[in-house]
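Record features, source TrEMBL:
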- 1-284: domain 'Glycosyl hydrolase family 59 catalytic' (DOMAIN)
- Glu133: active site, proton donor/acceptor (ACT_SITE)
- Glu209: active site, nucleophile (ACT_SITE)
- 292-407: domain 'Glycosyl hydrolase family 59 central' (DOMAIN)
- 443-617: domain 'Glycosyl hydrolase family 59 C-terminal lectin' (DOMAIN)
Amino acid sequence: ATSRLLVNYEEPYRSQILDYLFKPNFAAALHILKVEIGGDGQSTDGTEPSHMHYENDENYFRGYEWWLMKEAKKRNPKIKLIGLPWTFPGWIGKGENWPYDYPDVTAYYVVSWILGAKQYHDLDIDYVGIWNERAFSSKYIKLLRYTLDKHGLQQVRIIASDRLWEPISFALLIDSELNGVVDVIGAHYPGTKTVPNALLTKKKLWSSEDYSTFNDEIGAGCWARILNQNYVNGNMTSTIAWNLVASYYEELPFGRCGLMTAQEPWSGHYKVEAPIWITAHTTQFTQPGWSYLQVDGHLKGGGSFVALTDGLGNLTIIIETMTHNHSQCIRPPLPHYSVKPQRATFYLKGSFYMVETLQVWHSRLGFECGNSSLFQQLQPVKVLKGSFSLDLNVDEVYTLTTLKTGQKCGCPEPPPPQPFPSNYKDDFNIRNPPFSEAPNFADQTGVFEYFINASDPGDHVFTLRQVVVQRPITWVSDADQTISLIGNFKWVNFTVTCDVYIEKPHDGGVFIAGRIDNGGIYVRRTKGVFFWVFADGTYRVTGDLAGEEILMKGLSGVRDNAWHTLTLNIQGTSASGLLNGYPLWENVTISKPSNGWAAIGTRSFEFAQFDNFHVEA
C-alpha cells in the first residue's frame, strides 16, 4: 500500500514522478516492477483491494496497481512485471486464516488476477510469487503451475518463496517435481549472502525484497552496496527495492523507505532522493538478459565491482566503495568492515581487449561535508592494451561502460511542500471515478470504495462504502474493526463531520475519529478519540480503536438503514460530539494522544456508508 497517495497527484507532477522511476535513460529507468496482488488485508502501510472481495465477485479496476503497471509499461514496454499476494480475501480459506486448505481455489484466484491483467489492461505478468514472507505449500506451487499452463500462461514464471533461502532450497533439492516448476528462488533481506543449498539448485537467485531503508544518503549507500554485493557475495542477479516510491503518510510504518518521496498530492511537492541516481548507475547501463561476468568482485581496499555484458560486445562495470557507517540498511545487521582510498587496475581480456574507451558516470555521497555529487558524467577513460586504472575514494560509485546512452534528466522543480489542507471536504459525488477509492483516504483495515446508492433518490446517491464483510486471510494482525485515515498527523485541535449509514441491523456500528496515532502493521493498537454510534441506538466515546477504553456512553436513538450526521470536536484536552447538529455529549477529557489523523470506520467487517466528509483543523 505504498503508492496510495501517488495516484492523486495532479499533472504534470504525477507524470514527472513516473518518468523519474520508469522512463529509460532518464533517471532510475527501472527494469522490474513488482506489485501486490491486493487481498483486502493490511500489508504494511494499508490495505489494497482484492479483484475478488467475495466468491461471486470479479472486478479488475480496483486499487491503483493496474494503473501503475500500465504507466510503467507505457514508459518502458520491456519492464518485467511481478505479482505477489500478501493477504487473501476470507472466502478463500472458508473461514480459516490459511490459503492452502483449498489450494485449487487459491490457484484459481491468483491466475484470475493474471488473466484479468491481460484481458482488461493488456498487461503480461512475467512472474508470480506464492505468499509474501509466509509459509509455502509444495502442493499449492505445483497446482499453481498446472493452473497457469491450463490457461495458456506457460510464459509466466514462478518465484518462491519470498521469505528465506530455506526451507525452499532444500525442498527443491529433494522434490524433482517442485524443482521443475519453480524458476527463481527469491529471498528477502539476505544481507548479500546466500546458502549452499540455494547454489546447489542451479536456479536463478534473487533478492526479491531488499532495501527498506530511509531514503537519505545512508539509504543511498545501503542501496549502492547491496546492488553490487548481492551478486558479488551471494550470486543474486536481481535486487528488488521495497519500496518504489514513498507515497503514503510519512508517520505510517517505514516512512520514506522508498527510492524517492511523493507523499503530498495536495501540494504537488515530491523529492527525487539520492537512491534514484544510485539506481541509474546499474539500470541505465544494463538490461534484463545481460549476464554477469564471473569475476571475484571484491576490491583489495574494500568495496566491490560487478561487470556485465549483453553478449554483443558491450561491457558495463559498476564499482562501489561504501563505508560501513554510511551504508547500513535497516536489516539485517551489517558486520564491521573497512574501506580505504585505493588505486584499482582493471584488465580487459578476450573480446573486451579491443575496447579503447569507456564512458564514466560518477557519484560521491557527501556525508561530513553534506554536498553529494550524484550521477555526473566524467571524461571517458582510455583503455591501453586492455587495462586502465582508477583512483577510488570512499563512498563513491562509478559506472564504466561502452554504452553512450546514459542521461541525467530532470523536470522543473516541483511546487514547495505544504501541509494537508486544514479545511478539507469530500462529498464523493463523482459518477465515473478514475480510481475505486477516494483521494487521500488511507485504508488500514477493510476497504472503502466509491459506491452508487441506487436505492437512495435523495442527497446520498454517491457515497463511500466499506465493502469487506469477512476477515481476510491476514498477513499481520489487522484490527477487528475497519478504519481509513486521512489528513495531517500533526493536527491537534479539529472538527470532523460526516454523514453515516449503518447497513448491518442489531450489532452494526460506525465511527468518526480524530488524533489517530497509529496505522499500518500497528493498526490493532491504534489510539485516538473515537465517536461511535450503533444500530441498537447507543453511542460510545473511546480512546482506542479496539473500543476497550470507554470515555463516555449512552443512548443516541441512531438506527440502521438511515442517514445520520456525526460531528466530533476536539479542542485541547476536551472533546464533544453532535448528532444531526445537536449536542449528544460534551466535555469528555482527552489525555492522549495529543495529535494525529482523522478517520472513519466500522465496528466490524460490515457494510456501511459515509458521505459529506469534512474536517477543519
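Even glycines carry a Cβ here, placed using N, Cα and C.
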### Task
Might you list, by sequence position, any residue in that chain lying six or more from the residue listed as 'active site, nucleophile' with a Cβ less than 8 Å away from its Cβ?
Asn132, Glu133, Asp162, Gly186, His188, Tyr189, Ile240, Trp242
### Task
Would you count the other CB atoms within 10 A of the CB of Glu133 (active site, proton donor/acceptor), including those on all shown protein chains?
14
### Message
Restricting to the domain 'Glycosyl hydrolase family 59 catalytic' (1-284), what is the model's mean pLDDT?
### Response
98
### Summary
Reduced to three DSSP states, the domain 'Glycosyl hydrolase family 59 central' (292-407) has 8 helix, 51 strand, 57 coil
